[in-house]
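Data first, discussion second: the structure below is written as structure tokens.
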Amino acid sequence: MSPFKYADESIQSQDIMIAIPSVAIAVSILDLPGILAKSVRFADGWIAIIIAGILAVSLTWFVAKIVSKFPNQSFLSYSSSLLSKPVAYLLTLLFAIQGMMIAAYEVSSISIISKQYLFDTTPVEVIGLSFLLIVVYSVSGSRVGLFRLNAMFLPLIFLVTGLLIIFAIGFMKLDNVLPVFTTGINGYVKGTIDSALAYAGIGILFFYIPLVKDINKVPGRAAFGMSWVVLLYLLIYLVCIAVFGQATTEVIRLPLIELAKSIKIPGGFFERMESLFFVIWITSIFTTAMMTYDVAVMALQSILPKLKKHTIVFGLSPLIYFISTLPNNFLENVKFEEYLAYTTSILPVFVVIPLWIMYGIKGGKNRGQ
Amino acid sequence: MARRSIFNRMKTRNKIKQSQEQQEEFNTSITKNLDDNLKSIKKMLGDPTDLVTRELIIGGIEKRAAIIYISGITDEDLINNNILKVIQENLMQYETGILDKIHSEVVAVTDTDKSNNLDDVSLAILNGHTAFYLEGYEEVLLMGTTGGESRSIEEPESETLVRGPRDGFVESIFTNMALIRRDIRDPNLRFKKHEVGKRSKQMVVVCYIEGITNPDLVNEINRRLATMDIDFISDSSFIEQWIEDSIYSPFPQILDTERPDSVSASLIQGKVGIIVDGTPFALIAPMSLSDGLASPEDYTQRWMSASLLRILRFLAAFIAVFLPGLYVAFVSFHPGMIPSTLAYSIAASREGVPFPAAVEAILLAITFEILHEAGVRLPKVIGQTIGIVGGLVIGEAAVSAGIVSPIMVIVTALTAIAAFSIPTYSMSIALRTFRFIVIIASGALGLYGLILIYIMMNIHIVNLKSIGMPYSIPFGPLFLKDLKDVIIRAPFTKLTRRPKHLEPVDDVSKDTSIK
Amino acid sequence: MDNKMLPIMPLLIFFLVTLSGCWDEVQIEERAFLSAVAIDLAEDDGGKAILELTEQIIVPAGLGTITEPGGGKAYRNISRTGEGIFETNRDISRQENRKMDVEHLDLVIISKELAEQEDMLANVLDVFVRQEYMRRGIFIVVADNKAKTLLNVEPEHVKIPAEYITEIMENAESVATMKPIQIGDVQEKLLINRSFTVPLLTEVADNSIYYQGIAVIAEKPNKLVDTLTGADAKGRQFITGGAQDGSVTTEVEGEQATFEITGSSSDYKLLNRDKNALEFQVDISLTAAIREYFGTVDFYKEENLKIFEQAFEKEVKKLSEIAVRKMKDELQVDVLDFDKYLRIHHNKLWNEIKQDWDHGENYFSESKITINVKGTITQPGTSVRVNSRGD
């Protein structure tokens, strides 16, 4: 039908490279510096970010490597060939639930944060619903479309955050960053765990990599994509500490928004940039919600192959909306986040280790070519 | 049903012919056999429909001869009177050395030449020369007959340039084809004829360059054209809307242009042109969103200024869609974002305006659209009065009557100017439509609504295709190397590769080895 | 319904949902922009302090535009008394027909009387930090007398008093003044339990405000302990390296000379580690230009320039030592940035002593501070002398 090779439903390795940061960067971009500043002293959090980053990048690589050995197979089929059928079904279901949960969490955070920074009387339900509807609209489109959306929004996120950092240079105080290496070991461990939780989204690789055409390039590129996230987190953290100092960063809930609040853009065309920055960061939260929603749809599709994609997409949306309305306030939302962060970080680890072991045992016999 | 079967037959025939063409090698030198020669030249030029072959038998010696030329770019009076006629009248007397004698004595054309090489012959024919073949000779006589009739070619009205070619397409398809041929003298330039219109039987020509354009693309366009089932097409827009990928989109998915240079430049890049008889608007497919924001002017100005202009146009497109929405969001939801002094003066100027900013913005935008529509429909002479009326109504009376605030007038005017600076008219209309949606969303949810609409537009664009090519190309899927001729226009020395997203057969646009 | 139309469904619902109500839409002309807040102590009845809150609200029509200057006042001040800021603010809104909007608030004035109450400053500032609509760049000022009188000072050329006050602070060119302090900075100081300084303003006429000096807010007890003016304030600015603008006047061989500071920096050194008797050395380096000179010495000669430099250094050292005496011995409050120096460069030592730095044990008051000044005259002025008196 389509004359162009790239126009069909298959994706390229560079799409995965872009999708990884698009999924990983979500609400954590806004609150990571504050969480980190609680456990480490001064600017020492950069060590925690880098250690956690290295872990995340290597996990990405390991996941991508094992999955890339099974081109054109769904997660269900290659995991059942390695781990037996019931386990595979269970894992697929877990990923589906996790995808839904993350999507619901993003919707809920969007509504709570927007309510705080942008709205006064608009009901939280309306804010969340309008966001979810746009997510549903995107997921009900073509799957490659999602990757194209990532490619269009990710540069925007990096550009805007980069601009913010540049404008913030004038407000940085070196005194806030010094001294270095004053944190104890415990602080680093706590900080590493905290920042490791910010590198979520590796789970999508189990589902998307089999769709990739030039699958051999995927592991390297996926890991490379994850390293952008490390860099971005690192910069944001250092800038927040340099501008606010550790003590203030610690008590600010969303330091990046406060940062946007403090800077002044030369020329004075806009004052109070935080609303503008925040709505642009909404796109990054949107891409996360969209990709995880789609993973949930994919997982369910493989379990229930008879259902049409649109049926699943529209069927899931009330459920996700319902879950998203459960956290009523900021504190419950944070609890939700913590719970999710642990599961999203742990699930890929617990899936990838048995996969590698079984792959090692079964070896080339079951190679799914 | 009957028509479909004819088309199907045509299609299969074409397929067979094409495959034969690809298999057969043609002879690049001239042989003594006239039929072989004629076959070779036709093969080389792809047997275009405008190639005229006149075979004749010379009376005295009973020898077969042929005159070949391309109609439309030749002066056919000259061919008839000074070549055909004189040869037929004079050729009774000669027996040997006949070709030399014709060359030196008979033909009444000043520019004549002889050649025994098919490349020279085809080039000469493409330049508007007439070739004279005589059986038994390994040489061809080439006579300069460049010319041809056409309605006077005028500057295109819908796309004017400060610098660049001044010719535009006319209603005659042969003139239009000739205009493209004049730009691209490549033997691989192909014109593929279709007949469209159940009753009108209009000629539609798909042009492309074989060896550059992705053959799948050409086949797909040919396939879609073959499905056309309509009585009459008054303009190429009928074809555009018939063969486009999505009818649920305000965006134009096939580019229209009045400029032969635009078509030629696109063909060279590996796109396909569609020329329709009876309209000066040719189509270029596939197109992407960024093609709608590019102008031929980008290539005639120096690369730095051209690049700045491109960026300016992206900005203008953004303003045309989002500025009124942004203003509404700022004024009704986020006054803190406006610098204090400006906020106070906006507040002072809005004092007494009865409507919310969103209603005010929609009112003014509709007024502007009506004025614009009236200005387009009226004859040029009266059209100017619309400007005066509009200026008075919007600029003065509405403000002093307290219906709208002066700043809203500035915002609407700025949006209008931005929309006009978009080179493709159909794109400009599409963006202006989105402006209303943006105003409504910002009026309801402020900046949050605006960003959701922005995301929604992006979703729509990435799901849109133009003849199978994603509309959002080269941003998503990302073609990093193609961006140098999209966001900016790199210097020509750096643009040595054709756009990769068009998957051209031959992607080097400049042979760097030959200096 | 065919498959292609299906995705449009969510969009239709989207528009239905958004159009059903425009909850937060408040037109810009229906907002009452707050430009400044003044907080006074209404009465102190022993137990709870009663605050008097004065808010300055912009009247946009009074501002007019560039082509049509508006008539009448461009602001209105409303005062109410109450126990908390937020509550009182809501009380004030009962007098205002428009929706209160704090997004353009950029000045908070606190009366000296109020700041002298323990913990009061931190309490009243809390609301400004907590509310997400507030900027972090709100200026904090202490008023020498009643805070609300400052909001009534209406100079001839500025229509809004709040604007006048912020501009005074941004454009102060005197050594005895400090860079404006913003609410974000105050929050940081309060969080890390440090003493800090706030500009001190006073009303001198119906249409004029004077930047008087610097108010010192101690960490413990958390209140305004004293105000610095003249030599104290100047000395503090020299020691902290913050004296960017302003001038110093001294006598050179019996004649008065004025130096304008063009650059200033300071460098701290800790000479020992004995926390009960810390020894600091502060190296102040300044560049200055001669702006006024009543004498006849030819300062284009190098040996004469040295004399000027020495006189300048001596004066700066004198001022700095006055400030040290005042802070260290009299107030025993460190607003000279020694705490910052220790925190950054001697973090271990700092962790030991930070609880008792300028209160309790008060290691600060027991430390010894020596000051060295290096002055460089960069521009002697354009002419050698104006008169030749005495020749």
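Note: Cβ is positioned from N, Cα and C throughout, glycine not excepted.
For reference, TrEMBL has these:
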TRANSMEM  A:16-40  transmembrane segment
TRANSMEM  A:46-67  transmembrane segment
TRANSMEM  A:87-105  transmembrane segment
TRANSMEM  A:117-139  transmembrane segment
TRANSMEM  A:151-172  transmembrane segment
TRANSMEM  A:192-211  transmembrane segment
TRANSMEM  A:223-245  transmembrane segment
TRANSMEM  A:276-299  transmembrane segment
TRANSMEM  A:311-327  transmembrane segment
TRANSMEM  A:339-359  transmembrane segment
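Recorded stretches compared: A:117-139, A:151-172, A:192-211, A:311-327; the one with the most Cβ pairs under 8 Å to the transmembrane segment (A:16-40) is A:192-211.
The recorded stretches the transmembrane segment (A:192-211) and the transmembrane segment (A:223-245) share 3+ CB pairs below 8 A when only pairs 6 or more apart in sequence are counted, and are therefore in contact. When each of the listed stretches A:46-67, A:117-139, A:151-172, A:311-327 is scored by C-beta pairs under 8 angstroms to the transmembrane segment (A:223-245), A:46-67 comes out highest. Just going by CB pairs under 8 A, the stretch in A:46-67, A:117-139, A:311-327, A:339-359 that sits most against the transmembrane segment (A:276-299) is A:117-139. Annotation: stretch A:117-139 has the most Cβ pairs under 8 Å to the transmembrane segment (A:311-327), among A:46-67, A:87-105, A:117-139, A:151-172, A:339-359. Here the transmembrane segment (A:87-105) sits apart from the transmembrane segment (A:151-172); fewer than 3 CB pairs are under 8 Å, leaving out pairs fewer than 6 apart in sequence.
For the transmembrane segment (A:339-359), the partner stretch with the highest count of Cβ pairs under 8 angstroms, out of A:46-67, A:117-139, A:151-172, is A:46-67. Residues 103, 107-108, 110-111, 145-146, 149, 257, 274-275, 278-279, 282, 286, 289-290, 293-294, 297, 313-314, 317, 320-321, 324-325 of the same chain sit 6 or more residues outside the transmembrane segment (A:117-139) yet have a Cβ under 8 Å from a Cβ within it.
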